[in-house]
Every structure is written in structure tokens, then in C-alpha cells.
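These features come from TrEMBL:
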COMPBIAS  1-24  compositional bias 'Polar residues'
REGION    1-31  region 'Disordered'
TRANSMEM  54-74  transmembrane segment
TRANSMEM  80-99  transmembrane segment
TRANSMEM  111-130  transmembrane segment
TRANSMEM  168-186  transmembrane segment
TRANSMEM  192-213  transmembrane segment
TRANSMEM  270-294  transmembrane segment
TRANSMEM  314-334  transmembrane segment
TRANSMEM  366-384  transmembrane segment
TRANSMEM  390-410  transmembrane segment
TRANSMEM  422-445  transmembrane segment
TRANSMEM  451-469  transmembrane segment
Amino acid sequence: MTELSSLTIDSTTQKPRISSTDNPPSSPPHISIGVTTAVEAGSTETPVNKIKKITVLPLVFLIFYEVSGGPFGIEDSVNAAGPLLAIVGFIVFPFIWSIPEALITAEMGTMFPENGGYVVWVSSALGPYWGFQQGWVKWLSGVIDNALYPILFLDYLQSGVPVLGSGIPRVAAILVLTVALTYVNYRGLSIVGVAAVLLGVFSILPFVVMSFMSIPKLKPSRWLVVSKKTKGVKWSLYLNTLFWNLNYWDSISTLSGEVENPSKTLPRALFYALLLVVLSYIFPVLTGTGAIPLDQNLWTDGYFANIGKVIGGAWLGWWIQAAAATSNMGMFLAEMSSDSFQLLGMAERGMLPQVFAKRSRYGTPWVGILFSASGVILLSWLSFQEIVAAENFLYCFGMILEFIAFVRLRMKYPAASRPFKIPVGVLGSILMCIPPTVLIGVIMAFTNLKVAAVSLAAIVIGLVLQPCLKQVEKKGWLKFSTSSHLPNLME
């Protein structure tokens, strides 16, 4: 008896393809998505089955650093809107954005447990052209984001080492820091995971201490203040700050192929990381706004160190300042990992030249790491506000494609195996995507013309780049292939 038993993704077109095999009469029909592979031996330098996989704890902290890294950078929410809206924002915003994005990442990441992540999701739903566009804008958004962290690291050290404030010493410090952290990524994802755990604990602990020490000084009435500024709420700064500090949950999907037992590990890690991120924002804001009198203009980057000095003394202020600096190192490491493994995943799917699929003897995608590090150095001249706005715009474009892919796969392949499935039907999936999509529209509407023009130009480059790469492949100028080690994507 011949029954429908598998739904595969063609290795050249990336489009789902139905195939049939003979099942035993007692075996019920099922749908699965697999991959047809045709790669030459030696496309990777390290056997994939010998690479050490990531477990729950380091994965939690990698997600923590992909999304947050602690409350450093949320000060602008109070500056823009006052304590009340800042507190409400970090309570309500996760329900509108973070939870839906994390749930979709858990479902799709376990459905497609490979390093292409969201690129594969969009490819299976909309075809390889749009999958490439997803990869392009997400990678570019990630690199722009990563260009920020060496700058912030030096900003936090600047008060103690004034020479790092400008000129050649600052440029040299950015280059040295970028090279050093890039080398850590090169040495292995397991090392990055351990570093993320250690840096995360060091970054979170001072705020736990500060929260307890602030209890006698808290005045809840201070939490009810809306913006005192004459011009009212700065909505663009407020929304961009919330969005920047609560997005990127899907970035961990590009490391799915490096996770041990992803069908169970990924959803659990996302849940624990979500709690960690939200709590690491709410308590410091409650502490900082409730324990000392409000001066809204002082709430800018680095202000938590001053709050620590007022509440606990100089030692706590210095601890918070050191935690802020090291947190930026953790965010750089996590972002670099997801960006470089995304390029590896795209190469393994034949979207990029085969050289991007090569691994070092430590199992890391060394070409992708170098490529991403070069982008970081080239973009490090941008200002903080421009970086946040530009990456948010590009990220929004990519998220729209993800939402469409999520709903489309629910509609096209409702019986497909999903190790973790959000307990809603097609209608529920659509309804779940509406609030974050509306938010995307609002964020993009507040983007200034300069940032919008640059971001749209970047998107247009991606639209042209994919056909150009196809011509390069057709002419045989560079080698493209689909890696043979890719497992069945859905069973």
C-alpha cells in the first residue's frame, strides 16, 4: 500500500516536494519534511557529528545576550517617557512582541533544527528568493547591532580611562577589542557558551544586590510619574528603546544545528531566557526610579552606575560599570555567533558560496566570522541612535517575512511534525501575529528619513544580490552546493 509519507525540500530550489514510500499497513500516514543533499565530501573541515553541542544553561545565556545582556541601554526609556510608561512598557511590550516571537522561534526552530534558522523557514514557505532576502536583512541587522558593542564597552570605560574618549587611542581600542572577541568566537561555540554564563552572572548580580539595598528607600509614588519634559513623551526614542531591548529572540534559531536535542532544549531555554530578560529590566527600573528623586535628563546610558553609587556606595557603582562593560562583550560574542552560523547555514543550503560552509578545527564557521567582523569594523563609525534605528528598520522587514512564513506553513502543511507546537490553529496563528505586525508599522513610521533611505537602499541591494549570485553559480565562478550532513528537517 503506497501512502503519502514525506514532504521534502528540493536541494536546488528549496521548495517543498512530495514523495511517497511504502509504509507497513499498520503504520499511520505521516508528513515529514526532509532534505535532499548533493554535496561533495570535504565541504566542511570538521565532521559535524564530532562538534560539541550546546546544552540548556549556556543556551539560556546566549539567548539572554542575543536579546538583552542586562538593563544597560534601557535608561533612555525613562528619559523619553518617564517612570510610569517605562515600567508599563517593559511589562506590556513582552506580551505584544517578545512572547509571540519566542513562541514562533520555539515552533519553527524545532521544526527546522539547522543553522539556517529563519532563512530556512522563509525558504520553505515562500521560496529561496525570499529566503535569501530574509538572510540578507537579518545578517545586516545583526552586524549593525554588533558594531554598537565595542563602542558601548569603551563608553563605559571612558570615565576611568579618559584617553579612550576619542582619537587614535579610541580607534585602536575598537580594533583590538573586535579582533580579541572575534578570536574567542573562532575558538569554539562551547567556549562562547561558557563565557556567556560567566559574564551573565557577573552582569546580573549587582542589580540583585542593588534591588535589595534599595527597599528601605523606595517610594512607590515616584513610579506613577509620566514625562516631566515640556515637549512631552519622545515616542520615537521610547518605542525604539523598548523594541531594541526586547527583540532578536529568533536569532538563536541560526544555532539550532549546534544545540543538543533541540526539540526539547530550545523551547526550555527560550522560556527561561524570557523570564530572565523581563525581570532583569523591570527590577532595575523600579529600583532606580523609586529609590532616588527623578531627574529625567540624567537617565541616559550609564546612569545605573550613578544610581548604584547613591544606593550602595562607590563599590556598587563600580561593579555596575564593570558589569556594563563586560555585558557588551557578551552581546558581541552571542551576536557574532548567530551571524556567522547563519552564513554557514545559508551556504549549506546552497544560497551562498561553499566557502562559507567551511569550519575551523574548532567547529566554527571561520569565513562567516571574518565576514561578520569586517562588517562590524566598517560600521563602527555610526552613532548610537542611528545604529538602533537602522537595525530596527531592517529587523522589522525580516520579521514580516517570518510572520508570513509561520502562517503560510501552518496553512500549507497543518499535519507536518512540529516537536513544539503553539496550541492555536491557523486563525489563532494569524491573530497572534497581528499585534506585533501593527507594532512593526508603528516603529517604521517613526523612523527618520535618513535612516529609512539607507535601510531601503540596503534592502534593494539584497533584491539584486540574489540573482547576481545565481549568475555567479551558473557561470561556475564560485562553487555552490548543499551539504550532505543535513538531517531530515521534520519527522
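Heads up, the Cβ atoms here are built off N, Cα and C, so glycines get one too.
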Here the stretch out of 80-99, 192-213, 451-469 with the most C-beta pairs under 8 Å to the transmembrane segment (314-334) is 192-213
Contact set of the transmembrane segment (390-410) with the rest of its chain, CB cutoff 8 A exclusive, min separation 6+ beyond the ends, reads 101, 104, 107-108, 111, 118, 121-122, 124-126, 130, 133-134, 137-138, 140-142, 144-145, 240, 243-244, 247-248, 250, 382, 416, 425-426, 429-430, 433, 436-437, 440, 443-444, 447, 451-452, 454-455, 458-459
Tertiary contacts of the transmembrane segment (168-186), defined by C-beta under 8 angstroms and 6+ residue spacing from its ends, are 150-151, 153-154, 192, 195, 329, 332-333, 336-337, 340, 360, 362, 364, 366, 369-370, 373, 376-377, 380
Lying 6 or more residues past either end of the transmembrane segment (270-294) yet within Cβ distance under 8 Å of it, the residues of that chain are 56, 60-61, 63-64, 67-68, 70-71, 74, 77-78, 82-83, 86-87, 90-91, 94, 98-99, 102, 105-106, 204, 207, 210-211, 214, 217-220, 222-223, 225, 228, 245-246, 249, 252, 303-304, 307, 310-311
Long-range Cβ contacts under 8 Å made by the transmembrane segment (80-99), restricted to residues 6 or more beyond its ends, are 67, 74, 222-228, 233-235, 237-238, 241-243, 246-247, 249, 274, 277-278, 281-282, 285-286, 289-290, 294, 296, 435-436, 439
